[in-house]
């Protein structure tokens, strides 16, 4: 047995450098490298990547640290043989949130982690989207990337660190991948010292809360710079490395959104997150991405992993592609001019079958290749017509939006509903309101433990005319719901202004391009129909891009309101949501090595013009909150002294339960004395308010007042009757039974009986004497 010290600073001397020096620990056999994130006035953060100690049997493993206390393990493994019958790359990304990372025990019945939560699923998607394109095409071995969050500083967010950890472990796995991916979260901080705002990388939770706008940006280097291989030794010396440039950083993914206080901050003079500001943020992320990619390159060069041989399965051979092109290109060109999606899909499917039948004799046992080549020819036809003629599948111009159809108040008993149609994309929005007691409780590693605005997105198989599984949401549905929620959340009124929990459901009833942005539009309409006073209406649009050489010149054509086929065959999926004044959410995925800044700026400008057109169409139907539905709960807010909260609740909730039983209203009390009263009618709410005020602000009853009370206790000398909350009086036995003498109180009244009484006397100690009221 060998006893080894485990203090981190004893094993790796704590120094930081931008030169990507690799540290090697001979005792433990570990390599590590640091990337320093310099935020100027806001300090610096350090990302450390280490390999060689944990999970040694995985193809590649890396432990990533953010500063000292945030730590996660990423492993990349691959199956030994390719999966038969697969025509796609089977990559799986999983994020495991361990509650011990935050020093907590899971709140589930079994006290162990179960299914991944929403935060973990969204982190999986953030990793998958930029990582998947780095694998060589034609790979069919199963690849699994698992990121396990082991320690989390409460001030940090782990998801972007996980992107870098997953990329680093994949770089060391020996799998056929291109260069590393770097991911960074950028927050636009505006304060007294930075009135124009400064973009801060890897912001803390505190900075996140005070930010105006935030984005996650992932990218890679287009020309790899490989540092020297380090010499062995306990500590590696500093060495110079090529100066990082940002013009060699290709942006692969952007996920962005405004914060909840953006409207108030902009009204107070802060810069609005307009298209130009967002573009500046993307550019500001590039130096940090270069730094992170450089660190991963240095680590890979130091470890020098053995690259394994993996069989590749190209989708088709050149001979098959040439034959399909000759056989079917003319027919495909005609088919791709059909505007109706269903008719076009049926014709294309039929032509694919005809092409297979025509070529199968020439290429026996290569049917899958023929079909894949048919898809490739279809893609080439669509792209070339857009580039050469600006001609789209459905005949629109490149900046045209499909026909819009807007309707509200469709679902009879829903609190709010809408139908938004953009071409063949059809979204039903449904809003439900309830008390703040119905806030979603979140058991995750983050500090957020509840959600007041909840957005759910459903994508049933019939929306594309297909059959499939229904039930629990898939990762895509969770991701689309999160995007729509991020777009709308900054416009949701505060708890004080609108004390309701809001659940918004987006039902994708028909899909042909950007159901997520359709969900944003439908949700704005539905929320207005439900009476929710949004700070401003929000709309969204999906943009696309097709690039290629035309007459020897590189040409970029930006498409507004893309179809599903244009998304699949294009180079970019760019979703932009916002108000009339600024962007509230943005999502970008691209297949290119980089989008020129002027092309990106043009796409943002084009998206704004489309957004304004959609907002105008929506405003023609509804432009302000409707009266609330008769079926929605009415919530009244009052305040009681904090010292009276216990009295209002009563022993074991006796008083508050009695108020609910008597009035039909639901009552919830906050720690600051705010009381929320929910009722289906105004009368019930008023009755509950009166009962609460009687307890919290009691007034002494007067002699001669009459009450319909409840007998709460009987004794040998009389009956105690409750006339007000926490206020009882005694009816002496001599006053019961009229003029007749009775032996037992129970011969006349019992506990629970209603009895009309009058106050006969109140002594100097406040004790109340009652007498029954004769009919």
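Cβ from N, Cα, C; glycine included.
Remember, it's a predicted structure, so these values are computed and weren't measured experimentally.
Look at Swiss-Prot and you will find 223-247 tagged as region 'Disordered'. Feature annotation from Swiss-Prot assigns compositional bias 'Basic residues' to 231-243. Annotation source Swiss-Prot lists Mg(2+) binding site at 567, 573, citing sequence analysis. Taken from Swiss-Prot, the feature domain 'KH' applies to 633-692, supported by sequence analysis. Marked as domain 'S1 motif' by Swiss-Prot on the basis of sequence analysis: 704-773.
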- Are there any residues in the same chain, six or more apart in sequence, whose C-beta is under 8 angstroms from the C-beta of residue 567 (Mg(2+) binding site), and if so which? 513, 514, 542, 544, 573
- Message: Looking only at the domain 'S1 motif' (704-773), how are its residues distributed among DSSP helix, strand and coil?
- Response: 6 helix, 37 strand, 27 coil
- Tell me, what is the mean pLDDT of the domain 'S1 motif' (704-773)? 86
- Message: From the DSSP assignment alone, can you count helix, strand and coil residues within the domain 'KH' (633-692)?
- Response: 32 helix, 16 strand, 12 coil
